[in-house]
Structures are given as structure tokens and as C-alpha cells.
Amino acid sequence: MSFRKVVRQSKFRHVFGQPVKNDQCYEDIRVSRVTWDSTFCAVNPKFLAVIVEASGGGAFLVLPLSKTGRIDKAYPTVCGHTGPVLDIDWCPHNDEVIASGSEDCTVMVWQIPENGLAAPLTEPVVVLEGHTKRVGIITWHPTARNVLLSAGCDNVVLIWNVGTAEELYRLDSLHPDLIYNVSWNHNGSLFCSACKDKSVRIIDPRRGTLVAEREKAHEGARPMRAIFLADGKVFTTGFSRMSERQLALWDPENFKEPMALQELDSSNGALLPFYDPDTSVVYVCGKGDSSIRYFEITDEPPYIHFLNTFTSKEPQRGMGSMPKRGLEVSKCEIARFYKLHERKCEPIVMTVPRKSDLFQDDLYPDTAGPEAALEAEEWVSGRDADPILISLREAYVPSKQRDLKVSRRNVLSDSRPAVAPGSARPGASTFAASTTATTPSGSLTGAREAGKLEEVMQELRALRALVKEQGERISRLEEQLGRMENGDA
């Protein structure tokens, strides 16, 4: 009787999640307490933005990624809204432009200075007014420059041309109830939405028509989410009639039955999905959970494959996800999340452990770059285009261990260890020793010169011993490294 191997092969089965050290977190941030199922956080390769508590209006922090540690209470914020900020989103085509939606019924677009804020920012570049109730959803078009979608509690979806501050499309008859979320497809020709009436809709924004609709995608009354995948399928999170949290995968060509449906647990926090189109991995974070589950989406049944769970101690208030071009390629990092606690933001790094320190082509296929494929006018005229892809190979930096083998002299000259008491710097001693070696001993006359010669000889002996000791240490390190690479350690 033969036993078949039942463990599915996947290079993402061993994705390893790890929070960064405390000094790399962003401390003392008063995260917003607004009761809205937003991520409260947006991040790009230059800046981290977090919606914060603000008296007498709405505000969010914008921090350069390098500004870790404790954030001063007086640190400047973006504070032009007169009501609490509900959602923020960085422009995919300009790392210094961010849009925000607020309870004051407006959408504002901000230009952040290149080096971050030096003073509070109160003047937006553009104010977009068209909603009659609070604006809870903001999302940029993935491929067309300056096209922004906003959705409000007035059940209206508006699409704007930010460059001209004009309203392009108003979709006010497609949603009979509160819109929970909106997600563009790969090239921005369609978007899908999840609504409080338990329906998932696929909409053509330029025609203003409903392409497909699935009623009661999840039967529970709690909020659900729907996102487009790269191949055009739709991934949803929601609740069953018994209030159990569910995941489902749908084919828009046949919306009657889900391709896959999984029940997770009976917690009551809304599930926020984050999708990586390059690896087909979906990360699911629950509001109030202390874990991130991740699943691989494939073409074979059961389509949604559970990979693993990252668990930490504290619950998350919100979550931001770094775009692929902001990751550290040389560390095999495939995702980085920014987890919001009560008073801080903690980056969590997801890596795929690899023995080789070469560039990993299979983990990093070409990904969407910062260049827009279309102008707003071209998209309005009916054109569609996929994102312009870039290679991440240029972002690869060989690790330091790789340099250790070839640069012994550099390792020694940089380490500057202490030598015998009373001796000069090692570099200066080496210079003195080499000078003395080329000087004939007969030319040194008198007791003073003899004393100097003896001092130099002592330094030379100390240096020789030091070089020998460092050489042995390097040999041991290389031996350990070799064993680790061969998997013996």
C-alpha cells in the first residue's frame, strides 16, 4: 500500500513573519478612535501616514519611514478637515501625493514636502466637494494618472479628475445601502463593491452600468469586503448567518455559486484583505485580532490554500501594506505590514527564508511601477492599459556576509580594535612600522632614537599578534558560514 504525499508544495508555505525591534517602531501615536472599518494607515516607499485623534477637526500624521522611535506630541500633522478623517490613500504614481476622505463630506488631495512635514499642513492642493454625507472610502485608479474614486455614506460613488478638480462620473443609483469597500480591477476598467445589502457588485464606471451582481454573497449582517484579483476573480470576506467569519472566491462569469468558501472562526472583527498580485497571496487581518492569516490563491481546487498564521500579543486597530517596490529584496522580504496598536505603529516583515543570497527571480517577478500607463483623459475616452511593470533586480543589494569572504583587508582596517596601552591608532602604527622598516638601523643614533625604535618594535609585535588573532577569527567565521550555507548548522 503506497502513501501519497498530501502536503501541497508551495514556496510560500514557510513564509516567516517577524515584528521589528522596538527602536524601529513608531511610538506614542494616538491612533484614531473613530468607529469606521478603515485601515487607518497608508504607506508607500517614502512615507507612513496614520489617522490620529485630533481635537476640533480631523488630522493624520505623515512620517518619513526613517523617523522611527518616539514621535513628539507637537509633531506637525495634515489637519485641513473640519471633521474626523475616515480614510487615506497614497497616489500610486506620485509618492508625495495623498488623498483623504472625512466626515465633513469632502475629499482633499495633499502634496507632502519631499523631506516630510516641517509645519502643520492645512492647505490641500485640491478640495473635491460632491458628497452630501461623510466620505469613508478613497482609492486611486491603478493605471490612470490623477483619477480618484470616493464613496460616501450617501451611497454615491464619485470618480474625479484630480488634475482639473472636476467630477468625471457620478454613480448614485447602483447602491441602495451603505458601501463597505470598493476595489479596482487590474487595469482599472471595472471595480467591485461590497454593500450593506449583502450584495457584491461589479460595475463599469464609465458606462455607469452593473456588469454582474451576487446577492447574499455572505449571509451575515456584519460588514464584508470584496477585492479584485489579478486574473479577474473576486475574493470576499464576510460573515455567515451564524456570525462565523468566512472567505470566498467568485468567478464573475458565474456568480451563482462560489468557487471556494471557507469558514475561519467566530470572532466579530471585520476581516481586511490585502492582496499581492505578484505572488497570488492574500493576507487577511481582522480588526481587533492579534493575527494575520495568509492564503495562496491557485487555479486548482480548493483554490484558497491556507499557508500560515502570524500571531502577536496585542490586537490591531488598523493595518497598512507596503507596495512591492518598497520592500528589501536582498532579505527575501515579500510583504511588510504596518500594524497599528493603541499608541504605536509596529512594522511586521514577511520573508521567505532562502539559503542562497542571490536575487530570487521566482519571488520577485516584474511588479507595478510608479509610472502611470494612461492620462485621465485617455481613460475617460475608453482606453485601458495594464500597469507599467518594473524589475526589482536593481533594488537588490548583496548581503554583507557575501562581502566578508573577499575583503579581509577591509574588515581589518574598519574594525579598529584596541591595542596595547599607550600605543597609537592601529593605522598610524602601521604607517610608522612601514616607515621604520625602510629606514637603515645605522642611521638611528643616540639613546632617544633607540628608545623610539624600541617603542615602534613593540607596536609592531602587538600588531602582528592582532593580525594573527583576526586571521584566525575570520577563518572560524568563514567555516561557520560555510556550514550554515550547507545546512549542517
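Cβ atoms here come from the backbone N, Cα and C positions, even for glycine.
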| field | Residues flagged as coiled coil in TrEMBL, choosing from 184-221, 336-373, 450-487 | value | 450-487
| remark: Which range is region 'Disordered' per TrEMBL? Of 374-411, 412-449, it is 412-449
| Same-chain residues near the repeat 'WD' (78-112), Cβ under 8 Å, at least 6 residues beyond its ends | 32, 34, 36, 38-39, 41-47, 49, 51, 54, 57-62, 120-129, 131-140, 142, 145, 148, 150, 152, 160, 162, 323, 368, 370-372
